[in-house]
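What follows is a set of notes on a single structure, which appears directly below.
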Amino acid sequence: MGVLDIAKGMGVTLGKLFQKPLTVSYPEQRATLQPRFRGRHVLTRHPDTGLEKCIGCSLCAAACPAYAIYVEAAENDPRDPVSPGERYAKVYEINMLRCIFCGLCEEACPTGAVVLGNEFEMADYRSRDFVYGKEDMLVGVTGSRPQRREALSAGRPVRLGFQVEGGPRAELEGVEYP
């Protein structure tokens with residue numbers, strides 16, 4: 001190893017010194033999320049009726065490779081329906097410690113009820129707090145309270161799910177995109 005090799009290494013180091021840093025001073029600065037980012041799961045409602053979109057079919061649980069989703073279905077009462085189908089999800093739980101955020105549950109859902117949102121700050125102290133129930137995940141078409149608060153401070157609409165090109169997917173009709 002000669003002096004020339006050391007000079008080359010120092011040249012690379014000095015070159016990087018004057019470039020813009022790649023790191024972000026989180027939480028003071030926030031990096032922009034990519035359009036296909038998959039964060040915390042949310043269960044959506046129909047924009048017109050306010051009924052839950054989840055019909056309790058358990059396809060999301062069957063598609064989950066990490067076995068993180070548990071769905072228990074019940075018959076829907078025609079006088080006071082919870083969802084537009086014959087059944088609804090009486091129990092919907094997801095263990096976020098097991099979830100690998102692959103998005104297969106979102107793809108498997110025939111009604112578009114399961115959406116991977118853009119929330120990623122899910123820190124907590126107890127492991128049992130990472131098992132989200134239906135009440136923790138159910139949001140309207142305007143998003144959850146933290147999503148609305150963040151969107152309001154950023155001056156942009158709430159974004160649920162992702163969109164590659166074109167208009168919103170039919171299952172997410174009524175959900176606003178950036």
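Keep in mind that glycine also has a Cβ here, set from the backbone N, Cα and C atoms.
Going through Cys102, Cys109 against Swiss-Prot, the one listed in the [4Fe-4S] cluster 1 site together with Cys54, Cys57, Cys60 turns out to be Cys109. Proximity to Cys60 ([4Fe-4S] cluster 1 binding site), judged by a C-alpha distance within 10 Å, picks out Cys105 from the binding-site residues Cys99, Cys102, Cys105.
Put simply, Cys54 ([4Fe-4S] cluster 1 binding site) is 12 Å from Cys105 ([4Fe-4S] cluster 2 binding site) when counted between their Cα atoms. Regional average pLDDT for the domain '4Fe-4S ferredoxin-type 2' (90-119) in the model is 92.
Counting only residues at least six positions away in the same chain, the Cβ atoms of Arg38, Pro65, Ala66 sit under 8 Å from the Cβ of Cys102 ([4Fe-4S] cluster 2 binding site).
Sequence-distant neighbours of the domain '4Fe-4S ferredoxin-type 1' (45-74) (same chain, 6+ residues past either end, Cβ-Cβ under 8 Å): 81-96, 98-100, 102, 104-114, 134, 138-141, 171, 173-175.
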